[in-house]
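For reference, the structure is listed below as structure tokens.
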Amino acid sequence: MTQTKPSKLINWQSKLNKAAHHTSDYSSTELILRRGQPFNISLNLKTTAQSWDNFTFIASTGNLPRATKAVFSLSEEGSNGWSATQESSEPRCLSLSILSPADAVVGRYKLQLQVLAGNKLSSKVLGHFVLLFNPWCPDDDVYMANEKERQEYVLNDSGIIFQGVEKDIQEEAWNYGQFEEDILDISLAVLDRSLNHREDPALDVSRRNSPVYVSRVISATVNSNDDKGVVEGKWSGRFRSGTNPLRWSGSVTILRRWHRARYRPVRYGQCWVFAGVTCTVLRCLGIPTRVITNFNSAHDKNLNLSIDKYIDVSGNNLHLSEDSVWNFHVWNESWFVRRDLGSFYDGWQVLDATPQERSKGIYQCGPASTRAIKEGDVDLDFDSPFVFAAVNADCVTWIRYSKKRKERIYSDTRKIGKFISTKAVGTNARVDVTDNYKYPEGSLKERQVYKKALKLLGVKRPGKRSRIPRSRRGFSRAQPEQTPSISGKLLLDASPVVGQDILLTLTLKNLISDFKTIKVKLKASKRGKFCFCFITVKEISFKISYSQYKNSLVDDRKILVTAVCQMKRGASLLNPVNVEVTFTNPLCEEVTDCVLRAEGSGLLKEQLVERMAPMETSTVEFEIIPYRSGTRQLQVDLVCTHFSDIKGFVMLHVAPTQ
């Protein structure tokens, strides 16, 4: 067998083939094709062939000697599904239609021609072409039936990534640029730089026919944690040794910088950067992909579907749990068939290149079927428990009084997974896709799915696993969830503007009919603390002045405001109870010679008499020690010469001694 230089006698019919294969936008002179679809070439021969049956073609991808090869001829289809058909012929000219199978390996191919003449076998390298996934081919696993969706999720080279908070969703433009010069070569290099390829190149290439496999590899290689991938993440501190993630506006510069620096990770990225780059690479390879933003996104470190937050009595955050909640988190969805799971799980698949947790020992996430997430099928590949928790975990808040004593004060089943958003097809509008991930919050079906997921994960009950992490073993058992007796809502009086004071109002609502005294501590923090205390209130207005927060803002310009509302403890037998009585003078003149009397059976053995100072508003504090349990009545009577007796009472439930 003799080898010759690549032939100049082939006509790739590049313009026609690219138009037919929807690849005309790629900035490359190389022929770029999609699998499962025929392409045409013409061969200009030096001599007239005696028989076209002596022609054999070899299409190979990957590195020799273990390249993935397809051998086929004009007379019969190859064993790998490749075939060649003679379209027409003239003396010394052969027009062919070559068809790759719809499950062919994607990548850069070398096409060779072998000609048998007598006993002599000669081989010519005809040239190279790139083969991509084909969303236009019904037999391809990435087939997408709707042309408008194909235009959006494969061919659109720009888009919108939603950010912010659930009540103030913002849109940021992103340049995907999948057709720009060098981006296809760099996208193929992303695959070649993966750990899988370095460990076993031949096996890796042979598996690149599957969008499940390719997308999972991309989710690992876009981040730099294991394999010196494209982007290095950074979430705190300054970015002097790299680029602030907020300054990126597209993927092209990032990918080119990574490639030109000989695959040194680009500094720095956060979730939207990882998702933007992932979208570029996957669209470039032909997999329909979009960017998803999940507001109030949970990071459930121990996969118990409970995001536990610990605070002290002043509202300070205690870092006793590794769980966290992102105000927003961005990932990707790609569209393809799940032959490994069954047709029910076909469609949109979640991929997350942001390095949060290891999966199979590598920082990668997905693909996880959105159908599996919605139905609570968290036992299915890949990483469905992590994604389920991101959109469906419960938030549990605890007050920690001491190392041995904590109290669960609130459990919120609706906070996580809000306004899950993506760009609309054909416009820049926001589309809410929350229904793709879960049933309506608070519905019976949603709770049934949540309990199903708990069972599949082996979680005995919310907030508690069968094996308690060592760092948590000193805590007491979780108390059963109680219905809150008060509710609160913290509202901005107006949209905050940097340089101006921030005005807020906390409104408290008593959910049951008994009287309560509430102590409220308000704290606003971003490296700073501002505390306000009020007693027995229904509404609190407060201000964070610009001078208080101006030196504490970081790049995201967010201020966390926390309100801790503590209901004063109920009375119990033989234990002291502090009582406060407040009187406001309605008259325009000073009131003097006032006496407060208090009495109550089982509460005070004798009538209590307290003098009140001259006042506009006056508060008298005294202590009672209940000596009988049960429901008791405490009466107060203000005696004053300026007006008739003013009386009031409150009912107290005195609990027996524990």
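Even glycines carry a Cβ here, placed using N, Cα and C.
Please treat TrEMBL annotations as automatic predictions, because they have not gone through curation.
Pulled from TrEMBL, these are the features on record:
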type	residues	note
ACT_SITE	Cys271	active site
ACT_SITE	His329	active site
ACT_SITE	Asp352	active site
BINDING	Asn392, Asp394, Glu441, Glu446	Ca(2+) binding site
DOMAIN	263-355	domain 'Transglutaminase-like'
**Prompt:** Whose Cβ lies within 8 Å of the mean position of the Cβ atoms of Asn392, Asp394, Glu441, Glu446, the Ca(2+) site, other than those residues?
**Reply:** Ala393, Thr413, Arg414, Ile416, Gly417, Lys438, Gly442, Arg447, Tyr450
**Message:** Given the recorded positions His329, Asp352, Asn392, Asp394, Glu441, Glu446, tell me which ones have a C-alpha lying within 10 Å of the C-alpha of Cys271 (active site).
**Reply:** His329, Asp352
**Fill in**
Min neighbour Cβ count (10 Å) across recorded positions Asp352, Asp394, Glu441, Glu446 flags Glu441
**Complete:** Using a 10 Å radius on the Cβ of His329 (active site), the other Cβ atoms enclosed count 23
**Prompt:** Within the chain of Asn392 (Ca(2+) binding site), which residues six or more apart in sequence place their C-beta under 8 angstroms from its C-beta?
**Reply:** Ala298, Leu305, Ile373, Ile416, Gly417, Tyr437, Lys438, Glu446, Val449, Tyr450, Ala453
**Message:** What whole-number Å value do you get for the CA-CA distance of Asp352 (active site) and His329 (active site)?
**Reply:** 10
**Asked** How big is the Cα-to-Cα gap, in Å, between Asp394 (Ca(2+) binding site) and His329 (active site)?
**Response** 17
**Complete:** Whole-number mean pLDDT, the domain 'Transglutaminase-like' (263-355), equals 95
**Prompt:** How far is it from His329 (active site) to Glu441 (Ca(2+) binding site), counting Cα to Cα, in Å?
**Reply:** 20
**Asked** Once the chains shown are all counted, how many other Cβ atoms turn up within 10 Å of the Cβ of Cys271 (active site)?
**Response** 24
